[in-house]
Amino acid sequence: MNIRSNPDTTLPAVTTGPLPSSRKIFATPDEAPELRVPLREIILSDGAGEPNLPVYDTTGPYTDPSVTIDVNAGLSRIRTAWVKERGGVEEYQGRDVKPEDNGNVGAAHAAKSFTAYHKPLRGLDAPAAGTANSPPPRGEGSGVGGATNTVPSSTPLPTPPPQGGREQGIAYACGPHLPPMVTQLEFARAGIITKEMIYVATRENLGRKQQLARAEAALADGESFGASVPAFVTPEFVRSEIARGRAIIPANINHGELEPMIIGRNFLTKINANIGNSAVTSSVEEEVDKMVWAIRWGADTVMDLSTGRNIHTTREWILRNAPIPIGTVPIYQALEKCEGDPVKLTWELYRDTLVEQCEQGVDYFTIHAGVRLAYIHLTANRTTGIVSRGGSIMAKWCLAHHQESFLYTHFDEICDLMRKYDVSFSLGDGLRPGSIADANDRAQFAELETLGELTKIAWDKGCQVMIEGPGHVPLHKIKINMDKQLKECGEAPFYTLGPLTTDIAPGYDHITSGIGAAMIGWFGCAMLCYVTPKEHLGLPDRNDVKVGVITYKIAAHASDLAKGHPAAQLRDDALSRARFDFRWQDQFNLGLDPDTAQAFHDETLPKDAHKVAHFCSMCGPKFCSMKITQDVRDYAAGLGDNEKAALNLAGGSSLGSVGMSISGKLEDGLPADAFAKAGMAEMSEKFRTMGEQLYLDAEKVKESNKALS
């Protein structure tokens, strides 16, 4: 249910309540029994003859009837306690909200501020050099490419004392002589399994216990192109994947409302939904509603791409009500702060925007640090030039100042800042192709190579990283994108927009991109950014968001099936059995969109009796292939031995239980052909006596067979 704690709020009630025939359940991991990991259980009909099906759940508390949703107060901040338990962080006052944070909007157009305020957390600095608790000196290096790791990633760091421990008044979380750990990558490299790692391992297993025989069979049936999908996900496997940089848990320490999830090629393929206002349309109310709506249908993360007024306020409302990771493109807001003129952008303005969003709790930033001055001319002969908003902003800045991008030259500082809050990098593809004519050109791949260099720097700084990819790519050029990304970026998770496989279908680009998304997900892409029917045409509304999410859930699931993910096919098989058994309600409920499935069925067969009918409106009652198959099975089960023998002979197959002698005669002495003719004549007569009807009730057939036996 929804309530409003403040009667003056303009926020509408968001969509709550379970999906059809579903309920929220919670798995309790053995490693941390205090954790409650959410799953959605699809309740099957009484006649199903099989257990209910648990599936991955992204909906947060919004589908839990036991939780009262109050968007004005926000969700419970359960994860904040986990962060504080680990130590190595401090609570502080944070920066004040400035007028430019909301685009200097006037009072008449200002959105209502979020009512609750939470002091932000940040990672503690290392003890000063020369003190008893000072860390070893960092490796020398300057600018991009010069950073080194304090401790090699292969060297285990000391285990932290309980509750983060303290020595001589200095907080630490990785031993008294090293700087405090903050990020999931740092903990993973230290051999420490966090609660977030335990949580996501349980989610990935979809509530199943170890079923190794079936899991290994599924893996053997798939083609993973070199991925290392496990038969069963353990917290240790999660830790090892994060330590290697092959997976990330985007989880800002200030996003206490978050239900952790993992992004990596060896886990379930995830999808992202984009929302956000613009200078000409949408509002805070609509964007919060779209976020809740997107996760209801399966979005694993949401990016707030707001570019209009009230950006800070919109983001605060979204974050405080978001159980999933929230990403942003900070350059959008920075541009609003300088009146939309890219030439006026400065490093100081951008850095202040990063701090603002880190304190709010944004989980990952798209940063277009790979758009270098030397690459811009490579786009001159493109059909569609630079289509990334962030890429075009930085390209214009570079040309106007004829300098290297400040995102590139200050990358070390960006890493240091993001590490303090465990904000993950989503290294942006500012030079991605905007048409299939530009796919895989030198500009695109030059930027990708630079992103690989930046990935290593971010890793050395302790930051989690994923890489953004295209874009518009025809089918035959998709795999090279995946292969090159894995090679250049050290297997960091890949996150792509589609790709769109053709440019001829405005209004249907959720389909043109869904095709490419399924393929690149199969090849190893870890997260797919959805495309809606409004792509290239306008800002998506609520219905467009749903269509985009469902389309990409299909693509992600198809890629998981192809990779041989151990649990992926459980839902397919359950729905197939329901379809064959004519359990219509189970068919609807096992689908990704039960409401639409039932609505389509009911357009032509609206009566309740049709929900149990053994046919649909496509074939009708007399031509349903599955009904015919069921009749054949029932018929065969009731045949006597003589009838089976006759049918076998007529079809040229073996006689089964009725033996045949070497002389070519049946055991009762009759010639085989005579026996067959007699049996066929008997069945012909039976057909006439039963009314010469092609389709018969199965029970009547069984009764008739008893008389013949």
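A Cβ is built for glycine as well, from the same backbone N, Cα and C atoms used for every other residue.
Per Swiss-Prot, substrate is bound by Asn274, Met303, His368, Ser388, Arg389, Gly390, Asp429, Gly430, Leu431, Arg432, Glu468, Tyr495; the candidate from Tyr332, Tyr350, Tyr421, Tyr508 named for the same site is Tyr332. Ranges compared are 1-21, 652-672, and Swiss-Prot records region 'Disordered' for 1-21. Non-local contacts of His472 (Zn(2+) binding site) by the CB criterion (under 8 A, 6+ apart in sequence, same chain) comprise Pro433, Gly434, Ser435, Ile436, Asp438, Ala439, Gly498, Pro499, Leu500, Asp503. Note: the Cα of Tyr495 (substrate binding site) and the Cα of His536 (Zn(2+) binding site) are spaced 20 Å from each other. Sequence-distant contacts of Asn274 (substrate binding site), defined by Cβ-Cβ distance under 8 angstroms and a gap of at least six in the same chain, are Val302, Met303, Leu305, Cys529, Tyr530, Pro540. Between the binding-site residues Tyr332, Tyr495, Tyr495 has the most other Cβ atoms inside 10 Å of its own Cβ, all protein chains included. Candidate binding-site residues: Tyr332, Ser388, Gly390, Gly430, Arg432. Nearest to His536 (Zn(2+) binding site) by Cα distance: Ser388. Neighbour density at the Cβ, taken as the number of other Cβ atoms within 10 Å, is lowest among the binding-site residues Gly430, Arg432 for Arg432. DSSP assigns Tyr495 (substrate binding site) to a strand in the three-state reduction. Max Cα-Cα distance over the annotated substrate binders (Asn274, Met303, Tyr332, His368, Ser388, Arg389, Gly390, Asp429, Gly430, Leu431, Arg432, Glu468, Tyr495) is 20 Å. Its Cβ taken as reference, Gly390 (substrate binding site) is surrounded by 23 other Cβ atoms within 10 Å in the chains shown.
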